[in-house]
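Pulled from Swiss-Prot:
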- 161-212: ATP binding site (BINDING)
- 284, 296: Mg(2+) 1 binding site (BINDING)
- 296, 298: Mg(2+) 2 binding site (BINDING)
- 134-340: domain 'ATP-grasp' (DOMAIN)
């Protein structure tokens, strides 16, 4: 199978996307990979799979590659004798953050009739914005961590007790995130967060909370990852998350009861189906007093959370054959013809 990897984008997580994309070479070994890079100024470049490495992008060498245009049914190179389509079977969206997770890529792929693995438009909107994720969870009967919402031009007062954690609403990878232990630290933390976003959510910082990650998709049958208990530190900053996104070897399953595992997976399915059909997502959960709370939805997890699956590549192949399809609309202009006919008789 030929899989196009779309990565980069005009995003604060641009570099993490590059790391995720390079990692796919180690993971999708049986597939033919076609790399399509989106520069910070949103131009498309075809990248030589054999030559892809991080320096290619930091040095600007990627600009020597073929520039692509997006048209109906795919990406095309431009030449003296016309355009040539870039061949692939399915596109894997690996743009983290803005462009990739906010619905822009989903909209383009749908509009230009390109098969793709990624959340669709509505799912992107609900999972990219942490505030909307809270609303989604509430509508599904899934409990979340308590929160308050602050806007850049609004009041900076919070009512919950310290310590708290400040998160930009539309960012991942711990960018702009701070733990605030007292009121004296609040203004600075908000200044940092508002550098990246106009809205933040404030949540209680729960010291020593049990955290579990569950990834999966639906390919006609449920394909769920192991339940992972990630490394426990007070806070995983951007650097640690950056390294985390390059993982390519499977991790061990969390040592938890079968009942807790089943409850986490039932909650995951409730979130995934039907909104996230056609995508591989990861949900991060907290367990507090035996209660499962949704922390975040990762619509395009780092390196696609490949390390949580025993057969990630096989799953990608199966998912590519089970993607949701838009209904074709037949337009025959009957209404306009009837108006024209009526006018002709008048």
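Cβ coordinates are placed from backbone N, Cα and C, and glycine is handled just like the others.
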Within 10 Å of residue 296 (Mg(2+) 1 binding site) (Cα basis), scanning binding-site residues 161, 175, 182, 189, I find none
Simplified to three states, DSSP reports residue 189 (ATP binding site) as helix
Within 10 angstroms of the C-beta of residue 298 (Mg(2+) 2 binding site), the count of other C-beta atoms across all shown chains comes to 21
Rounded to a whole number of Å, the separation of the Cα atoms of residue 196 (ATP binding site) and residue 298 (Mg(2+) 2 binding site) comes to 19
Least crowded of the binding-site residues 161, 284, counting other Cβ atoms within 10 Å of each Cβ, is 161
Rounded Cα distance, in Å, between residue 298 (Mg(2+) 2 binding site) and residue 284 (Mg(2+) 1 binding site) is 8
In all the protein chains shown, the tally of other Cβ atoms within 10 Å of the Cβ of residue 296 (Mg(2+) 1 binding site) is 18
Cβ density check for residue 168 (ATP binding site), other Cβ within 10 Å (all protein chains) comes to 22
Whole-number Å distance separating the Cα atoms of residue 161 (ATP binding site) and residue 284 (Mg(2+) 1 binding site) is 23
Within the same chain, the residues at least 6 apart in sequence whose Cβ is under 8 angstroms from that of residue 189 (ATP binding site) are 166, 178, 180
